[in-house]
Amino acid sequence: MTTTTHDHHDDHAHHGPAKGLARWLFSTNHKDIGTLYLWFSFAMFFLGGVFAMVIRAELFQPGLQLVEPAFFNQMTTMHGLVMVFGAVMPAFVGLANWMIPLMIGAPDMALPRMNNLSFWILPFAFAMLASTLFMEGGAPNFGWTFYAPLSTTYAPPSVTFFIFAVHIMGASSIMGAINVIATIINMRAPGMTWMKLPLFVWTWLITAFLLIAVMPVLAGVVTMMLMDIHFGTAFFDAAGGGSPVLFQHVFWFFGHPEVYIMILPAFGVVSAIIPAFSRKKLFGYSSMVYATASIAFLSFIVWAHHMFTVGIPFAGELFFMIATMLIAVPTGVKVFNWVTTMFRGSLTFETPMLFSIAFVVLFTIGGFSGLMLAVAPADFQYHDTYFVVAHFHYVLVPGAVFSIMAAAYYWLPKWSGRMYNETLGKTHFWLSFVGVNVTFFPQHFIGLAGMPRRIPDYAVQFADFNMVSSIGAFLFGASQLLFLFIVIHTIVAGKKAKAKPWDGAEGLEWTVPSPAPFHTFDTPPKVD
Amino acid sequence: MPSKLLKGGVALFAVLLSAVTQADWTLNMPQGVTDISDQVYSLHMLTFWVCVGIGVVVFGVMFYSIIKHRRSKGAVADNFHESTAVELAWTLIPAAIIVYIGIQAFPVLKNMYDFEDSELTVEIVGYQWKWRYTYLSDDPTQQVSYFSNLATPAEQIRNRTDKGENYLLEVDEPLVLPVGSKVRFVLTAADVIHSWWVPQLGVKKDAIPGIVNESWTIINEPGIYRGQCTELCGKDHGFMPVVVQALPQAEFDEWMAGKKEEAAKLAELTQKDWTYDELMEVGESVYQKNCASCHQANGEGLPPTFPALKDSPIATGDVMAHIDIVVNGSAQNPAMAAFGPQLSEVDLAAVITYERNAWGNDTGDMVTPVDILNYNAGQ
Ligand SMILES: [Cu+2]
């Protein structure tokens, strides 16, 4: 990046973006790539949402009405995979692309061409994954956790395409993570010292290290599956000296940090928004950084809490129970800090703030059920029931997804140069808030009462709450169409936004005009 | 306007929260009928109330700020943003609470892992999509073993008739256990991973192919306790319930004696002269119970996953090949399991005879239990 001083090097700053499709296909601009990631994730959010609607429609009443059990299993699997790898993760990478350079005063991401590549392989991965729905034998039907041997010996032929798609997604994530790390370490503006970094940048830095640590593990586990299926190995087959339990250890060694990959950047987003609308500095900045780092560390030593019932030894149960409960400590610190930031502030409740407050409350409820699940003896009753479904949807939907929506409303003026309509935004918030709770709160009850997850039909005593849950899901699903409308309406017809539309907001991103020009910070800003 | 909406939100939340406590009797974890399930229930309620307590404090402060410290009420922001003492307090207090919960959980967990001194051992094997229960005994000829299948008729599942009281939670033969004595379970699976769960007993353990797991229970009260398979195990994962019938020791012994007698009768039946009509009749019921979930009642299967048996090359071709695939399973596709170890000679002979003659296959072939015995002897 030192070549920018050569005079013969043409001066990008005075070029606009390329015209037409070429702008998007060949883009190396962090803002354009960020936009691509965000739209892609939005599209996947709707695709995964359609699968969820099929699931909730079938579960509206007991009995089999709409789909066959075999197809139902494909829906739960595809819903999970598309939402995790297609909607939530790319959305955060999109936010990182747009905001990290703007927040640290860098002209672009450190590795712009790799940035282009890491995005453009994603649509192929998901096209391939979605195409399995039309293959003989159907799409993957073994759950997003794809436990062997259901996903190996007993899998439909499309499993090979699934494996390849996961490889591509993993490569994309690893490249994205390398880019984030290289950018944050090398491209901070002079004076942007470590403990001045916005928390969003910190949380993403730590997330990127998690990604680099665990995506290869995911690649490893699907490769072992591939070998078992096609090349006669027996990693996961006890008859050949392997073990199905090995699969679960390897998978969750990836899978547990993965859930923090989906929530740490959310912490960063909320840590930007709550101070802005409280007009008060974030309480306990440095403890937030340390808490994030401790959560990341602990996330590597708790994986077997997903496996309390597979028959791990007593000492193992005890260790994983204690380690898991410990995560509640740094997570609690975060929640207390956000609440204390609001305390004695000067609060207003624009849409990003509403989503952030709902995030804190509902994520905390998800955290509570997480603490309950960590208690190993009790987990024998909760495991693989709707209680778990309720738990992880509370941390992922009003958790991760709400934070992404908060971020979208908060930074949309910077991205598009236009303000969204506040009334519509609030309407979207309240519909989503009600929808999410009506969908997922009753699932705690049916789980405790004994309904297993991943079943297409259920005993009659679970009927009422399933119907409530389905109604909530339809409401939540429909309100996202409003979100789409709001975003498009803002871009084409929103009122012009000021450089800094939020009076309490802080950070370098608000020092550039709205919309942020194609090139920003060609000369680094001074940070003091 | 936002304050009204906020209040609405708070009200909704309060309603949801109160539902948790009011609904205790149907919508909470069952207290169950074993000491373990009771202790687990107490742990569950302990952590629940700890969470409620923390929630009340945290959300209390938050909603206080939302109501009192809003700019529209003229609130001016303070600028405190750090306090080591406070940070330390809210790190150490939660840590102490966690240690406390951990200490409460320890003895329960330890107890769950005490498999010693059982009076009866039952082997539980998960199959796609049924359970096999075997009462282990030092004398293998005295071992009682049978399958437990979903008993809910397809008409109810397909919404053609009203659903019964125990819809999807009923089986043809429950696992029968004595009350008051320690029963050890050893669990494994024949194909994919299943998980055997009875909430009222507080027992859930994965049944994993190639691995043997352990669990145990002492049931305190006679009764019928229902649960389900909880690990995704393929198409009919939602249709493999677990039903346990707990009987007083004397009744249990009686039941066990009856079971052994049945087994002896079955051995005699193998030697009896079977007519075509008798075989077809038994064959149809064996088929409905064991084969129809994949090959379908009308024999047309669900191609390409599960082949049709109507007009199929094997069911209308060589008899030996037909016996072979049913007894030993398919070498190409593990979904077609080996039924030799699962069904009696009578059932095997009957189902093969049935498949060769039902749905217009009309081969006229008849396979007798003795044919199966001879086949096995020749293997
Ligand atoms: Cu099962």
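Glycine is treated like the rest: Cβ placed from N, Cα and C.
What TrEMBL says about a protein is an automatic prediction, not a curated fact.
What TrEMBL says about this one:
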SIGNAL    B:1-23  signal peptide
DOMAIN    B:19-116  domain 'Cytochrome oxidase subunit II transmembrane region profile'
TRANSMEM  B:47-67  transmembrane segment
TRANSMEM  B:88-109  transmembrane segment
DOMAIN    B:278-359  domain 'Cytochrome c'
Residues of the parent chain within Cβ reach of the transmembrane segment (B:88-109), under 8 Å, 6 or more residues beyond its termini: 36, 39-40, 43, 46-47, 50, 54
Helix, strand and coil counts within the domain 'Cytochrome c' (B:278-359) (DSSP): 42 helix, 2 strand, 38 coil
Number of helical, extended and coil residues in the domain 'Cytochrome oxidase subunit II transmembrane region profile' (B:19-116), per DSSP: 74 helix, 1 strand, 23 coil
Model confidence over the domain 'Cytochrome c' (B:278-359) (mean pLDDT, whole number): 90
